[in-house]
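Swiss-Prot lists 51-121 with the feature coiled coil. Annotation source Swiss-Prot lists N-linked glycosylation site at Asn578, Asn670, Asn687. Positions annotated as topological domain 'Cytoplasmic' by Swiss-Prot, on the basis of a curator's inference: 1-409, 475-556, 605-623, 710-798. Sequence annotations record features per position, and here Swiss-Prot assigns topological domain 'Extracellular' to 431-453, 578-583, 645-688, 820-865. Annotation source Swiss-Prot lists transmembrane segment at 410-430, 454-474, 557-577, 584-604, 624-644, 689-709, 799-819, citing sequence analysis.
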Amino acid sequence: MGSIYRSEHMKLCQIFFQSESAYQCVAELGELGMAQFIDLNEEQNAYTRKFVNEVRRCDEMERKINFVEDEITKDLVPIPDYDEHIPAPQPKHMGEMEANLEKLEEELVQINKNCKVLKNNHVQLLEMKAVLEHVTSLLDPHSKREAAMSISEAARGEAGPISFGMKDEFDKPVKDEKELKFVTGVVKRSKAIAFERFLWRLSRAKVFAKFIQIQEQTELFSNEFEDKCVFILFFSGEQLRAKVKKICDGFQAKCYTVPENPAERTKLLLNIKVQTTDMKAVIEKTLDYRSKCIHAAATNLRKWGIMLLKLKSIFHTLNMFSVDVTQKCLIAECWVPEADIGQVKNSLHMGTIHSGSTVPAILNEMETDKYPPTYFKLNKFTQGFQNIVDAYGIANYREVNPAPWTIISFPFLFAVMFGDAGHGIIMLIAASAFVIFEKKLISMKIKDEIFNTFFGGRYVVLLMGMFAIYTGFIYNDFYSKSVNIFGSSWVNPYNQTLLANMDAQGADSNTDLSLTFPPEIAFNHDYGPYPFGVDPVWNLAINRLNFLNPMKMKTSILLGISQMAFGIMLSLMNHIGNRSVVDIVFVFIPQCLFLGCIFVYLCLQVLMKWIFFYVKPAYIFGRLYPGSNCAPSLLIGLINMFMVKSRDASFAHDVGTAAGKEWVIVNGQNVTYTINDQCYLQQWYPNQSLVELILLLIAVVSVPVMLLVKPFYIRWRHSRGLHIDLGHGPDEHGEFNFGDIMVHQAIHTIEFVLGCVSHTASYLRLWALSLAHAQLSDVLWTMVLRMSLTMGGWGGSAAITILFYFIFSILSVCILILMEGLSAFLHAIRLHWVEFQSKFYGGTGIQFEPFCFTKIIRVYEGLDQ
C-alpha cells in the first residue's frame, strides 16, 4: 500500500470485454477514474480504427454544439452551468442526439438567413423613406437652377482654375433645366466627401451633388451602424448616367428610383411607411422566436456538451483496444493502483449488469517489465505542495516523494526570506478568506488563470502567512518596527543630567551624538537569553545590521546544510527501497562523510561560537579567551583548514605568568597573558589542527570512493553474469555499457561535490532577501508613514495622514507583499528544486493519467489545463 511518502503500487491489468458490454464498462471506469489505458493500436492511424465512424459522428455533433454556443454568445445570453451528475448516454441514443442537434442547427441557420434578408429589406425601406422625405427639398426649382448653372460653367471652362485639358462629349452647356437628369440614393457619411470629389473629377465638374444627413437611424436591428447621407446627383446625358451609376457602386452607395412627380412621391412615401411598419413587426416576431430558441438551447447546452464529451471520450478509449479474431471481444491493457483493483472489478461488474450482457468482463493482472506511472493519493491540502514538486519533474516510480517534507520546509524557508509579522498577517487573512469561502468559490467556477493559481495554492499561502508571522516575531520585525513584548535585557546606564549635556553639545556643534552601551554595565547578564526572538532594543541601534546580518547569515547556513543533509538521508530510503547495498555503502556513506566532515563541521563551529564565545573573558576548552576580539573567524578558519596552515594552539601565551603583558578578570581572579598575533585565527579547542586534518582526509578520500567503486562493482557483476539493476528511467534502454555508467557516475559525483559548495552559498539568499525586505519596509515606513505622522498643525493633517496611510497600504501590498512575496516564493522553489531535491530526487517518472470523466469535464469547462 502506498502513501504520500511513496507512490502507489501499480499493476498492469488486461481486461477482456464482450463487444456489447465494452461501452458501458468503459463508462463505469470513466466515472471511477482509476484506470490509465494503454493504446494497443499505436501503429494504426486514426482512420482505420474500429470506432472511427462513431468518433466522426461525435465530431459533427461537437461542431453543431459549437455553432449553437457561438449564436448564444452573439446574443449575450448567459449559459448556466449544469452541476447535476450526467451519466454517459447509450450508443443507441446517438441518433436521437444527432437529430435534435441537426434540427436546432437547421432552425437557427434558417432563422439567421431569414433575419438577414428581412433586415436588409428593412434597411432599404428606411433608406428609401429617408430619400423620399428629403428629395423634395433637393428637387426644388432653386436647386435645379443652381445645378444647371454649375454644369454649364464647367462645360464652358468657367468652373475654376483647374484645366481639364481636352474637351469631351460632356462639354456641352445645359440649355434648359428640363435637360437635367438626376440620381438619388444613400451613402455613408464617412465616404460622402470622397464620393463627391471623385464624381467632380471624373465627370470634370459635370455632375452637381447635394447631400443631406439622415437624422433617423436606418439600422434598428443591428448593434453596429454608421451615419448616412441622402444624396442627389444632377447631370445631363444618359452616358454620364451610366458612369455615375458605376461610381455609386464603387462607393457602395445605394441608388433609389424616385418619381419626379410630387404626388407620386407622396403616394410612394405613404406606401413605404406602411411596408416599414409591417416589416418591423415581422422582424421583431422572428427575433423573438430566435431568442426563445437561443434561451432554450442555452439551458441545455452544458448538459449536451458533457453528454457528448463522455460519449466521444469513451469511443476514443475503445479505439485504443485490440480486437480478437472473432470480432466479438475487445482486449484492453491499463495501469491500475493495486489498492483500487477491487473498485475497478466492481465497476466492470456494474457495467456488465447495466449493458444487459450475460458474459462478465474479465480482469487479469499481468507481470511486466514496463515502467509504471507514478500516482499519489492527494487531498485539497496536499495537492498544492505536490504541484510545486511536479512542476520540476514527476517522481520516479516508488521514489521518495519530496512533497510531505515540502509542506513544512517550503513555507518556512519562504518565511525566513519574507520575515515580517505584519505582512504575514495580511497574507494569512487573504489565504484564510480563500479557505473559508472555498466551497462558494468552487461553485462559481471562475476561469481566470491568475485567480485559479492563487486559489489552487490557498493552503500553501496560508502556511506561508503563518510561518511569516512566526519568523517575523523571531526577527522582531513588524512593518520594520520591533514589538516590546518581554521588555529588554539592556538598560540605559546614563543619567538625565549627562543626556541633557550631550544634547546641548550636539545642538552647539550641529551634530548627532551617539551613545554606546557597554555590555559590561548596560546588559543585564542575570536576565539570561531573550525569551523569544531578537531584543527590541536593536531596532534603535545604529549598528543593528552589524548584529542582525551575521545572525541571519549563519542561520541561513545552518538551515541550508540541515536541509541538504536531510535530503541525503532521504536518498537512503531510495537505496533501501531499491535494495541497492552498493549505493548505501559506496554512495550514501561517502556523501554523508564528505558533507559532514566539511559542512556539518562548519555548522558545529557556528553553534559552539554562539554558545561559548561571549564578550566576557573566560576559559573555553581549557584555553584563556581574552574577549570578543579573539572570537574565532570561521570563514578564514575553514580556508586554513583546506590549506592545512599551521596555527598557534591558543589565543594567548604566558597565561598566568609574570611574563604576561596584559591581564583580565576571569571568575573573580586576575589572569595575566600575552595575546597572540591575530588571535581570532588560532586554534580554539585541543588538537584542532589534527581533527581538521583527519576530517579533510576523510572528505578527500570519499570522492574517489563515490566515483569509482559503484561502476567497477557493476562491471564485476556483469562479468559474472549476475543480475544488474541499472536504474534506468522509463525512456532509457537497459543495455550494459561501462563507459556510459562511468560517465553517469562521474557526473553525479562532480555534481554532488561542487553542489555542496555552491548550494551552501546558494542558501545565503535566505539572508539576502530577508535583509532586502527589511530595508524596503524600513524605507517605506520612513518615507511615507512617518512623514505624515510628524507633520505639524491641525489644518488638514488628518486628511494628509489618511492619504499617506492609504499610499502606505497600497505600496505595502503591491511591493512588499506581492512583489517581494513572489521573489521569496521563487527563491524558495529554487532552494527546493535544486539544493534539496538534487540530493535524492530523480524526477523523471511518468504521471498517472487515468481515464476520468471528472478531469475531462473540468478541462472542457476551462477549470483545468
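Just so it is clear, glycine is given a Cβ too, placed from its N, Cα and C backbone atoms.
Owing to the predicted nature of the structure, the values given are computational and were not obtained by experimental measurement.
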Asn578 (N-linked glycosylation site) - helix vs strand vs coil (DSSP)
coil
Which numbers of helix, strand and coil residues does DSSP report for the topological domain 'Extracellular' (645-688)?
4 helix, 14 strand, 26 coil
Cα-Cα distance linking Asn687 (N-linked glycosylation site) and Asn578 (N-linked glycosylation site), given in Å to the nearest integer:
41
Could you state the whole-number distance in Å separating the C-alpha atoms of Asn670 (N-linked glycosylation site) and Asn687 (N-linked glycosylation site)?
27
Can you tell me which parts of the same chain pack against the transmembrane segment (624-644), counting only residues 6+ beyond its ends and a CB-CB cutoff under 8 A?
598, 602, 605-606, 609, 612-618, 650-652, 655, 662, 664, 666, 671, 673, 675, 679-682, 684, 692-693, 695-696
In the structure shown, which of the glycosylation sites Asn578, Asn670 has the fewest other Cβ atoms within 10 Å?
Asn670
Check for me, if you would, whether the transmembrane segment (799-819) reaches the transmembrane segment (410-430) - at least 3 Cβ pairs under 8 Å, residues 6 or more apart in sequence.
yes
DSSP assigns the residues of the topological domain 'Extracellular' (431-453) as 18 helix, 0 strand, 5 coil
Excluding its own, the Cβ atoms lying within 10 Å of the Cβ of Asn687 (N-linked glycosylation site) add up to 11
